[in-house]
Amino acid sequence: MSNLKLGVEVVGAHDLLAKDGQGTVSASVELHFDHQKFRTTIKDKDLSPVWNESFYFNISDPSSLSNLSLEAHVYHHNRQNNSKLSLGKVRLTGTSFVPYSEAIILHYPLEKRGILSRVKGELGLKVFVTNDPSIRSSNPLPAMESSLFSDSRSTKAQAPKQQAPNVAQKVFPDGKSESRHSFHHLPNPNQSQKKQHVPPAATQPSMDYGIREMKSELRAPRVVNMFSGLSAQPVDYTLKETNPFLGGGQIVGGRVIRGDRSASTYDLVEQMKYLFVRVVKARDLPTMDVTGSLDPYVEVKVGNYKGITKHFEKKRNPEWNEVFAFARDRIQSSVLEVVVKDKDLVKDDFVGILRFDLHEVPTRVPPDSPLASEWYRLEDKKGEKSKAELMLAVWYGTQADEAFPDAWHSDAISPDSSSNISTLIRSKVYHSPRLWYVRVNVIEAQDLVASDKSRFPDSYVKVQIGNQVLKTKMVQSRTMSPVWNEDLMFVAAEPFDDHLILSVEDRTGPNKDESIGKVVIPLNSVEKRADDRIIRSRWFSLEKSVSASLDEHQSKKDKFSSRLHLRVVLDGGYHVLDESTHYSSDLRPTAKQLWRPSIGVLELGILNADGLHPMKTREEKGTSDTYCVVKYGQKWVRTRTIINSLSPKYNEQYTWEVYDPATVLTVGVFDNNQLAGSNGNKDTKIGKVRIRLSTLETGHVYTHSYPLLVLHPSGVKKMGELHLAIRFSYTSFSNMMFLYSRPLLPKMHYVRPLTVMQQDMLRFQAVNLVAARLGRAEPSLRKEVVEYMSDADSHLWSMRRSKANFFRLMSVFSSLLSAGKWFGEVCMWKNPITTVLVHVLFVMLVCIPELILPTVFLYMFVIGVWNYYFRPRYPPHMNIRISYADAVRPDELDEEFDTFPSRQSPEVVRYRYDRLRSVAGRIQTVVGDVATQGERVQALLSWRDPRATTIFLIFCLVAAIVLYATPFQVLALVGGFYFMRHPRFRHSAPSAPVNFFRRLPARTDSML
């Protein structure tokens, strides 16, 4: 029988919710684990009780420990009616249990038991696993609840401290262990504890706890939480650091430990070995049909996997030049068969066959030259050589082979899948089109001719490029030559296939417009500029139709009297924003002559995904067909689609040039719905990861497992984890540091800035252009994928985002509020020693004012050096607590996922509108209060209150005389000492200056 036990030390609670009506609580903790239940003693009338009681649970089945969970319920006991009320609970999963040597006290925030529960506070626990036979399990909880519990029920820690290392060695064989610390809140400062030292290279096996040995390659990830305090989130949603074996060696602490294996070109992914078969062409194939024709194709077969080339009609010397890649670890045969067949309506005819012994296939390692293709004579059904020959090459290689991206992959297709879908699932590198801003300055028109000669036209100009349509304001002039002088901005993509179409319209009645004339300008004829120089304007003749405007001979033959004065230019000095400015991956201007040299290289290894949720049902089983999309700059990457796998392995590595460190890499995971057996709808988003390059140390290899979090109408969900390896290396340290002094955006954004409305509209059009262009590739990147990767909906209203931004703002000002609170305590003499020291420092700074700025900057330097030891060592990741996704209400989520315009019923829309009015009313009140204070300042000298202005002027005159006659140091000392005076010299009523300011008039009296 196993001696494995779970030890739980209940340390104490902090800041519990009062329940007895007297501002206190009588609390105890009830522990539930593996059908066992224990309870601590009751601490009467204490909001921060301390127990320091230990309990030990028997583990019935150690192999299933990771599936068990420990629940700690905190109750308030009412002795009068012998009842108990829940104060909250803490739930820990079995994957977070560690040996005794690694266990530390952690303070967990109490969670609600139900939707209507109200909880507050933290519970301090120390949870560990021990295999010491000298430790006995605790006594079970009796059936009857008594009002008093003796301390005999809590068994103190029976294992001596000197035995802790031995216990850890028993539980974790070979002394292999890894720290798994997850911090939800900062530890309670009232309780001091010593942190246990953990070796930096320690690793933890799977949750067998000494039952069986673990291979050294499999190492449990270390849980990393980037945020503390209120930003902490559940352990399941945190980042996990891993130490995988990659092509360059094992990654430990961001460094590559070179092993016995040779370094690979793909050193950020695991080496995956493949059998490559390149089918080039055939010659002298025999005719098979009665008509003497041949429709040949090639079938490549290894074990259960079969790849088929395309077939040619009536061709005896076909050329295919197709590559097939079979995963070596899935090959269950020692023979490779290459069969040439004739395509037929009923049954395909056999033409010839080649067989290769896989033990004799050579191995190619890049950068070796590609293996030369050879001619092989085909064998007929009798095994005799025929005149027909097939050219092909067979070799072993890895995913670093240049033939890998365009190959047919056996690990991406199930054995019974058709090879026709290979084009839909292969990996691909895309380049988004170069985008330009088109600035159209509509100046004026001349000699317009309206259909109604008795009136002047109420004219405006409609400008269109593709699906983009903008209009100028309508001018009601008293002449036939209206003037607009308006700038309209559009987005265009190279190559310029669209035309710029301008139409002068006349408003003849309500919702009734009549075209006066049109102008069509090819975009490839428009002048380009990279700065703010003035472009010469031109007059264009108005034509009656678009076809007439495009016909040059017709325009010369039939002159139309009306003209339009325009200034059109392609602005290349801007960076066309096709993604949210907060997550921009490229900040370069459109004009290439303004580009600066790259400062470094970004390398990304997409290793694998794990624990994915099934997105579809196939053969009565849940499964997923997933692929990853990466966006950085103009380069988009799509991995191959792994079919029928909830733990796909991609192991693909890509490289980008970096031009600015203040950019963001975005990696998204999607489910492919375009394959056979799928619903054929939009590709489903599984989650995405954002990584800001400026948070990465140069030369450091980051290997982490990122949680894939998606917000659904039912709440936030973890859809799985994505394992990535990232390395950022610079080519010039001086150029990279110099960039921190340069503007973030190109110069034109500051010389001729765009309005916020223009930026949102142009970004929407840019995303549509990129989606349309990438959607025409093969395999295509669908529009929903591009929009999700570009955060196209980030500008829409969301109550959740509004709350999250408000709490972010409060977090920013929390340090200032804390400093103000501390200074208030100094002024109130809460700690006399601190107040006296502040007085001494104040006198020194006033008497020697040249020390003020050096003291401030020295203090900031010391704080920065101190924070260096606590700096974040891992890339930031999405946080549900900061995003306010864990506390959002269902109605707010339904509103966030609602379409625009809304599809909800009028009652729901009316309710949301009233709620929005309520929120806007509070904002309106705050803005009005701020305006009132400003108007009171203006009223000091405006004589709106003659008596108040007279008093202020007399005060100014006296203050000027006193300040002139008195040294500044004396006034500063007097003012400082008065401000920090002792509480016995203070009054509860506001001071005279505050009373005077509050009596000043504001313009609220003039408001309706």
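Each residue, glycine too, has its Cβ placed from N, Cα and C.
Database features, via TrEMBL:
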type	residues	note
COMPBIAS	147-166	compositional bias 'Polar residues'
DOMAIN	1-108	domain 'C2'
DOMAIN	256-376	domain 'C2'
DOMAIN	415-540	domain 'C2'
DOMAIN	583-706	domain 'C2'
REGION	136-206	region 'Disordered'
TRANSMEM	836-869	transmembrane segment
TRANSMEM	951-979	transmembrane segment
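On the 0 to 100 pLDDT scale, the domain 'C2' (415-540) averages 87 in the predicted structure. Ranked by Cβ pairs under 8 Å to the domain 'C2' (583-706), the stretches 1-108, 256-376, 415-540 are led by 415-540. Counted with DSSP, the domain 'C2' (1-108) comes out as 12 helix, 56 strand, 40 coil. The DSSP breakdown of the domain 'C2' (583-706), given as helix, strand and coil counts, is 7 helix, 63 strand, 54 coil.
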